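Participant: Take this structure first; my questions come after.
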Amino acid sequence: MKQILEFEKPIINLKDKIAELKKFTADSEIDLTEEINKLEDRLEQLEDDIYGNLKPWDRVQMARHSERPTTLDYIHQLFTNFIEFHGDRRYGDDQAIVAGIAYYKDKPVTVIGHQRGKDTKENIKRNFGMPHPEGYRKALRHMEQAQKFNRPIITFIDTKGAYPGRAAEERGQSEAIAKNLMEMAGFTVPIVCIVIGEGGSGGALGLGIGDHIHMLENSTYSVISPEGAASILWKDASLAKKAAESMKITANDLKELNVIDQVIPEPKGGAHQDIKVQAEKIDVVLEQSIRELSKYTTDELLEKRWEKYKNIGDYKLL
Amino acid sequence: MQLKEIFTKRKKYATIPNENSKIDVPQGLMQKCKNCNKIYYRKEMKKSLNVCPNCGYHHPLSAWERIESLFDEDTFKEWDANITSSNPLNFPEYEEKVLKDCEKTGLNEGVVTGKGMINGQETAFAVMDSYFRMGSMGSVVGEKIARSVENARKESLPFIIFTASGGARMQEGILSLMQMAKTSVAIKRFSDDGGLMISVMTHPTTGGVSASFASIGDYNFAEPGALIGFAGRKVIEQTIREKLPKDFQTSEFLMEHGQLDKIIHRHEMKNLLTTILEMHQKEVN
């Protein structure tokens, strides 16, 4: 059963009607081709209208869509010979983060990403893409290896946030994330981060320090979920829609705030409509990033990374 | 007179609030310990650096109280005091809230940075103030911390940070989150140059602050009984559907789980920091 989002309903209704008329034309003597053509024109216009004017809250729904492609989907589209490696060598193997090596354009790279499931069973296995400390430590282990063997690091960000659980706190969720931020700041290989779904707070940032940060058009990146913000600011989680609008969490917002480098367009109706097309669009941007970043000396790379982050923020002087 | 009026006591006069009457009663002469409820003269509590003389409970210190408690007299030089918050997302009511806290605390933002001497040892310094928007981190807090770390790097000074923060500041959205990144990159540069960083977590140190600079000192310390953690207790309880123990996310809890180097009583703080600074003194040839 395909998940239908609230704002898409007029499109789906019209599509159903067209299908009905087509069936009717096929089954009966009456020819409705003219009406069908008219409706199809209207459908195209309606799609342009709706998908071309998505509100922040619509994009939140899109970013959370159950069929939205995940890290592993993109890995299989973009890379060859992907070999997944497991475990943090300290506690366990967190399935909410996948990591491994692969070829990108015939050169070895390290690939890491949050991994959520598309159905309940897979989501339970993946803990809904919400990592524990061992996930971040697994990621760090692979990034250190990338540094050692001089491979670029590519991360895919797609998480509601780091898991808020007792065991996660006991094993040092804060430290695990903090350590990744600090170490990612210092690796002398290019790091490209791509937000493909939800970029939820510190849990997202734990894989998100890099030289280039890109976001898919309908992904979000925020300090807290809209629901969380609404309940803290206005003591009412149902004001999430309002929070989503106030907090500037869409790819275009972040581009405007100079937090990200590029917005990667999505096919009409979202990434899940055509994963191949989506992967191609990511490929264009990723290749460009890797090519550009590979030109820098390690000193230049680190200096540029510092410049990038140094300039994020807004304040005034008295 | 109606019958029912016999049973209601009517006030024959009205009380007009008088400014003088307020001054007559000395406000805040006494202070009650939040933990053991024992009442002390405020002066006595202040002398004890807001640590309850009876039960040892550590009440919060403002940034300046903290600085006074640690630095040798007249050695403190403040950095970047003139940076204050704008409203980058045009968030409703944000500017008013910040202004109110500026007035309340006398600070321009939730962190004071600078350098000074601790028993003759020079060090760079950042002290967060939980009275300013819960010590939350927005652009200014991130900027001031990053700058002070950079200054420490350039002047080859150690860097000590006292954290007190509810986490990232909602009203600055993603820019707040990115301050975790900014400070981390600054600290990495500082650390790679051989700089010594000491983090002292005080009540409360949670969310984005706990998941960035607070946890990446060469030494991570905490004051007794401080709340330290990534996620909020309520969120965790709702997620895992069980009640958490009372000491969950306290300094002592973290210590037991290997997340801290040491818990330091406020009265021992200055001496211990002095010793550590001495032990890391770079030889000058």
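Cβ coordinates come from backbone N, Cα and C, glycine included.
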Participant: Select from B:33-55, B:125-147 the stretch of residues annotated by TrEMBL as zinc finger.
Facilitator: B:33-55
Participant: Apart from B:Cys33, B:Cys36, B:Cys52, B:Cys55, which residues in this chain have a Cβ no more than 8 Å from the mean position of the Cβ atoms of those residues at the Zn(2+) site?
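Facilitator: So the extra residues in range turn out to be B:Lys34, B:Asn35, B:Asn37, B:Lys38, B:Pro53, B:Asn54, B:Gly56, B:Tyr57.
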Participant: If I restrict to non-local contacts, at least six residues apart, and a C-beta distance under 8 angstroms, what lies near B:Cys52 (Zn(2+) binding site) in its own chain?
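Facilitator: Looking at Cβ-Cβ distances below 8 Å from B:Cys52 (Zn(2+) binding site), excluding near sequence neighbours, one finds B:Cys33, B:Asn35, B:Cys36, B:Lys38, B:Tyr40, B:Met45, B:His59.
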Participant: Looking at the binding-site residues B:Cys33, B:Cys36, B:Cys55, which sits with the largest number of other Cβ atoms within 10 Å of its Cβ?
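Facilitator: Result of the Cβ crowding comparison: B:Cys33.
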Participant: Can you check what DSSP calls B:Cys52 (Zn(2+) binding site), collapsed to helix, strand or coil?
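Facilitator: Note: B:Cys52 (Zn(2+) binding site) is coil by DSSP, not helix or strand.
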